[in-house]
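**Student:** So that we are looking at the same thing, I have put the structure below in structure tokens.
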Number of protein chains: 2
Amino acid sequence: MGCIGYGSGDALVRTAFRGLSAFPLTPIRDDAVDEGAFAGLVERLAAAGVDSITALGSTGSYAYLSPAERARVTRLAVGHAAGIPVFAGVSALRTSQVLAYAEQAQEAGAAGLLLAPMRYQPLSDDEVFTLFEDLTRHASVPVILYDNPATTGFSFTTELYARIAALPGIGSIKIPGVPADPGKAGKRVAEIRAVVPAHVTIGVSGDAFAAAGLSAGCDAWYSVIGGTVPVAAQRIVRALDEGEPERARAESDRLAPLWDLFASCGGSLRVVAAMAEELGLVQRPCLPAPLQGLGEEQRERLRAVMAALGLDR
Amino acid sequence: MGCIGYGSGDALVRTAFRGLSAFPLTPIRDDAVDEGAFAGLVERLAAAGVDSITALGSTGSYAYLSPAERARVTRLAVGHAAGIPVFAGVSALRTSQVLAYAEQAQEAGAAGLLLAPMRYQPLSDDEVFTLFEDLTRHASVPVILYDNPATTGFSFTTELYARIAALPGIGSIKIPGVPADPGKAGKRVAEIRAVVPAHVTIGVSGDAFAAAGLSAGCDAWYSVIGGTVPVAAQRIVRALDEGEPERARAESDRLAPLWDLFASCGGSLRVVAAMAEELGLVQRPCLPAPLQGLGEEQRERLRAVMAALGLDR
């Protein structure tokens, strides 16, 4: 698992970008990164034995952090990951900022770079392609194409996946989800698989879609809950590793009350942040202002869900 | 015109945030602010006698600039504005960054602060309200509520306008446009006017809507073309000042080929940037990567439009 580098053979890249990639929060306390709490979250993931750790994903609030904070977070993640590969988000609005983030992430020991087409002005497909071209040309570790229309407002076409995945240096594509229907999910993953090189893995995100996505042929799960309650996420991945997709689906269905909370609370971040607060892993509040945590009523519902699912310890 | 400050009486604020506010580009050359070209743009606006200059609007690419670049741009704008009030964009994803931008804008001499609810994670109305509350509490010059759903992805309700406009320190609301139909435009502006304090001005944006918005009772035009071809924008404003809404409408209709280009080229920024390039006011390319300028075909159309409208000199 430790050896990564697209210079050294496709198989190795495929090994790196598969299985459970856990996305830890970056807890904010008094408008600064709570370094102790962050290190604790990473150690928790290392102890659980996740396949990789993606620091500075959307769940890691990368977009809200300063360059110095991002450098420090990547360094802490690598330092506390006990050898598990760490990927780092490098997205920014300006190409030169992306390249600077990539440079510092690599210096900090990141084994992969996650790039979403953050936008203020709407971006064209050519602008997004050129951004990925510029990053892969400069980077010395593989790049994960990060497709998250809910946060970036940019929607990839399958054709654009294909153009970007053909660039040397792309290691994986993080897709936003798959249809719930197994047949349609399989068709969607096969459609992407057909147009990207074999060494580029496909990773599902949107935790509610994980079991469906992995069953449909995704190689990885870029996981929000994996960053805070890794054992619950691993149950789904292990069931599939052991050839039991029905068990994976049952594990996912069991967590449906959590997926419902994600949908009703404006996305997964606020819910997972509250979970980490409830578990005592981070101080409350832990999100960067102006983001606010869950209100009391939502938090009460979350507590009940956590207790019912055994996620409260 | 020069005296602004919401501590010193409502009438003064109303005076400041009315008429033509021109939004200059921030030209980028070799990934740095082209300071000479920017100073030239500001001097052009001062010479034309616009009512105010908004540096670091969306047209000024504020979202793509570093803190140091933003500070420098505000300083240059104030230094070259010949006493015309300068407003400065202070938007950022994190509240503490907004407050830091406000601080440096005020130190640089900004007479007003423009705040849009930039977002990465979707924002709730309460989060946006609290952001404005935090800024107005810290700022010593008035704040312009900047509503631009095309760039921020956040849509204000009229109710949220009302809540925010009631905060001490709000000077103006920059609305994204009005309906083309005069009756509906008048109704929309009256609807906003009815729920915001009298000292808060309403400014229209979306250049194609300027004549309709001003005719419908808007106090100001926050203008993209005003930042590059101020005389064309002033013709519309002057016609209204002279009580001739029909002439204003005719002036606007005359510019319809330009509004069409805005619509077909992914927004006003790329078109106005190309206009400034064609006029020799800035070097080509002048936008921050990954943003790309107009392609050759679009540029050819723009040249024809500029020549037909007399905007090529």
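Glycine is no exception: its Cβ is also placed from the backbone N, Cα and C atoms.
Curation does not apply to TrEMBL; its annotations are automatic.
As listed in TrEMBL for this protein:
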BINDING   A:THR59  pyruvate binding site
ACT_SITE  A:TYR146  active site, proton donor/acceptor
ACT_SITE  A:LYS174  active site, schiff-base intermediate with substrate
**Student:** Non-local Cβ contacts of A:LYS174 (active site, schiff-base intermediate with substrate) (under 8 Å, 6 or more apart, same chain)?
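**Tutor:** Sequence-distant Cβ neighbours: A:LEU114, A:ILE144, A:LEU145, A:TYR146, A:ASP147, A:ASN148, A:GLY203, A:SER205, A:ALA220, A:TYR222.
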**Student:** Suppose we draw a 10 Å sphere around the Cβ of A:THR59 (pyruvate binding site). How many other Cβ atoms does it contain, all chains included?
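**Tutor:** Taking all protein chains shown, A:THR59 (pyruvate binding site) has 28 Cβ neighbours within 10 Å.
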**Student:** Does DSSP put A:TYR146 (active site, proton donor/acceptor) in a helix, in a strand, or in coil?
**Tutor:** strand
**Student:** Three states by DSSP: which one describes A:LYS174 (active site, schiff-base intermediate with substrate)?
**Tutor:** strand
**Student:** Tell me, how many other CB atoms lie within 10 A of the CB of the residue listed as 'active site, proton donor/acceptor', whichever protein chain they belong to?
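**Tutor:** The residue listed as 'active site, proton donor/acceptor' is surrounded by 29 other Cβ atoms within 10 Å.
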